[in-house]
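Annotated features in Swiss-Prot:
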DOMAIN    24-130  domain 'Fibronectin type-III 1'
DOMAIN    131-227  domain 'Fibronectin type-III 2'
CARBOHYD  Asn55  N-linked glycosylation site
CARBOHYD  Asn105  N-linked glycosylation site
SIGNAL    1-20  signal peptide
Amino acid sequence: MTPQLLLALVLWASCPPCSGRKGPPAALTLPRVQCRASRYPIAVDCSWTLPPAPNSTSPVSFIATYRLGMAARGHSWPCLQQTPTSTSCTITDVQLFSMAPYVLNVTAVHPWGSSSSFVPFITEHIIKPDPPEGVRLSPLAERQLQVQWEPPGSWPFPEIFSLKYWIRYKRQGAARFHRVGPIEATSFILRAVRPRARYYVQVAAQDLTDYGELSDWSLPATATMSLGK
């Protein structure tokens, strides 16, 4: 093979459009990861999205692992995924009140390379319960409205790891909600509500000891106060 022919072959192979192959995008995108302990203390659930890379339609798989502590050479364990292409995983071996953070590593594996995101967290700091369930309203005498609800079904031990609650409510046509709480029971009586008015009520939950953040608000429950009630 002459030197000229060899040079031509090298140039052709290094030019993806010339050889019919697709080259890698200009830059690999990083997974955007978030973790939440809505099932405290039995699990931490993490999920992620991957911004699309320019000019790429190739399938991407993910490898999710975690370690306890910031040491780069610490032992790692798999964060459980349903399939390699799943965009979520679960940590089931949760150490409570650990001073060392967990570090989740999510690696996106592309045909042309990989990109990784590292997310440190303390389990108690990412507690966010799911919304309370079964919110129901019962008009009572003397302009009172009873609100009852259940802890979120995903919260495994409400009798041990207690929750506190907030209520927000407004009557139909009002511009803003009134807010009541914290409440350490699963019922509450709203007083001085207006006769014939229709009320919208929602409930949110938080860890009793103030770890983490408030849940999202529950689905609204509605009730109309009768005349004389």
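Glycine residues also receive a Cβ, built from the backbone N, Cα and C atoms like all the rest.
Note that this is a predicted model, so its numbers are computed, not measured.
In the structure as shown, the Cβ atom of Asn105 (N-linked glycosylation site) sits within 10 Å of 17 other Cβ atoms. Under DSSP, the residues of the domain 'Fibronectin type-III 1' (24-130) split into helix, strand and coil as follows: 4 helix, 49 strand, 54 coil. The domain 'Fibronectin type-III 1' (24-130) scores a mean pLDDT of 90 in the predicted structure. With DSSP classes pooled into helix, strand and coil, the tally for the domain 'Fibronectin type-III 2' (131-227) is 0 helix, 49 strand, 48 coil.
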